[in-house]
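Some notes on the structure that comes next.
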Ligand code: SF4
């Protein structure tokens, strides 16, 4: 395996037996285990997630695990070590601590996997070598990650599982994050799209995004034991929707069509509520009485874009009424302010969050509108080497539904590409906490 990229001299490691790995697969070492009795016995490979992600996108079959090595750190010419005949090829890394790649010779395993695992491994190795720097600054936004509503919703499911046992059904994703959902699933939560998938009499949790009255009625009719994890700030918007509709107004809901929170809010007064997504939608709006129009917003919108829509509404309906305080929640607002403070000094912004997370998507858009390249990543494995090449300063944040540990994992992985200097910029400190619903409040 040859790496022709210039610059650093790679550490070269003699190969050992990596254990059972399918032929044609690429072993990405998450640690190097020394077989020569030297100290330290293990060398971590923090960039392993990055390398593995690159290989998976290239269609290679990836196996993660330890890679035994006999003589780490020996000097060698640029490039990687050729595979010892009949053995796993160990190859590594222009960085310290190293990212390790082992290549297990043999025909590709077939299916959708790469027809050229060696080529894929070489390309991934070269790409990450090019992204390595002596030192990289990470500007860490604060606040970031979990908000009070998400913490509460996750705790609701955990408590329901502890108190009632598995399975506990959850309608829709409890919060929009694949890792949170997978973790709760592994502990006995069963996620369903609609209530008809929940057996009669079972416990069902409503997600943080809220539900329409029709869903509540259906749950009652089916005798389900409901635990409501709707964020109190979403409940506030539902209350406003009912109040505005009851006084005879047309309720203009600013939000994204199809989002679960929007579906739930629309359901409070469907005959009196209209959805607009942009200022352009406002121009086409027809209402029975222009003197009786109120607006509401989804809680996770971009603050600046929403202000434009409200301005457009006010221009068309001067008697427009709205909530006393903004419906865009404190957590969304704080994360956007924090993002702004790092994006202007960053070469690249990474936002940790899932693709269906509205507030995470808004953070990416906000950075891009300010002229900084930005990408949404579900976890470290989504990061592309090409994004990091030339990025000496990386802005890092996470949407309100992304666990803090994923941010830590990104920082650790970047440490496999050179030293990382972390600078946190805190624009405000959050102290908001919500009480748990009574159904799960008792310990
Ligand atoms: S983002 Fe805001 S509305 Fe959504 S769960 Fe968090 S605090 Fe509640």
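The backbone N, Cα and C atoms fix where each Cβ goes, glycine too.
TrEMBL: automatically predicted annotations, no manual curation.
As annotated by TrEMBL, [4Fe-4S] cluster binding site applies to 147, 231, 329. What TrEMBL lists as isopentenyl diphosphate binding site is 176, 209, 259, 357, 358, 359, 401. Taken from TrEMBL, the feature (2E)-4-hydroxy-3-methylbut-2-enyl diphosphate binding site applies to 176, 209, 259, 299, 357, 358, 359, 401. Annotated dimethylallyl diphosphate binding site per TrEMBL: 176, 209, 259, 357, 358, 359, 401, in sequence order. The active site, proton donor annotation in TrEMBL covers 261.
Ranking the binding-site residues 176, 209, 259 by how many other Cβ atoms lie within 10 angstroms of each Cβ puts 259 at the bottom. Ligand 1 lies within reach of none of the recorded positions 176, 209, 261, 357, judged by a C-beta closer than 6 angstroms to any of its atoms. Residue 329 ([4Fe-4S] cluster binding site) and residue 299 ((2E)-4-hydroxy-3-methylbut-2-enyl diphosphate binding site) are 5 Å apart (CA-CA, integer value). Neighbouring residues of the recorded dimethylallyl diphosphate site, listed in sequence order and excluding 176, 209, 259, 357, 358, 359, 401, comprise 175, 260, 261, 300, 356, 360, 399, 400 (Cβ within 8 Å of the Cβ centroid). When the alpha carbons of residue 176 (isopentenyl diphosphate binding site) and residue 231 ([4Fe-4S] cluster binding site) are compared, the span between them is 13 angstrom. For the recorded positions 147, 231, 261, 329, a Cα to Cα distance of within 10 angstroms from residue 401 (isopentenyl diphosphate binding site) holds for 147. The closest partner of residue 329 ([4Fe-4S] cluster binding site) among the recorded positions, by CA position, is 359; the full candidate set was 209, 261, 357, 358, 359. Cβ atoms within 8 Å of the centroid of the Cβ atoms of 147, 231, 329 (the [4Fe-4S] cluster site) belong to the same-chain residues 148, 149, 150, 208, 233, 234, 299, 300, 330, 331, 332, 400, site residues excluded. If you count neighbouring Cβ atoms within 10 Å for each of the binding-site residues 147, 231, 329, the highest count belongs to 147.
Separating the Cα atoms of residue 209 (isopentenyl diphosphate binding site) and residue 231 ([4Fe-4S] cluster binding site) is a whole-number distance of 7 Å. Largest Cα-to-Cα span within the isopentenyl diphosphate-binding set 176, 209, 259, 357, 358, 359, 401: 15 Å.
Long-range Cβ proximity for residue 358 (isopentenyl diphosphate binding site), meaning a same-chain Cβ under 8 A and a gap of 6 or more residues, is found for 176, 256, 259, 261, 298, 300, 301.
In this structure the C-alpha atoms belonging to residue 147 ([4Fe-4S] cluster binding site) and residue 357 (isopentenyl diphosphate binding site) are separated by 13 Å. Cα of residue 357 (isopentenyl diphosphate binding site) to Cα of residue 231 ([4Fe-4S] cluster binding site): a span of 15 Å.
Comparing Cβ neighbour counts within 10 Å across the binding-site residues 299, 357, 359, 401, the minimum falls on 357.
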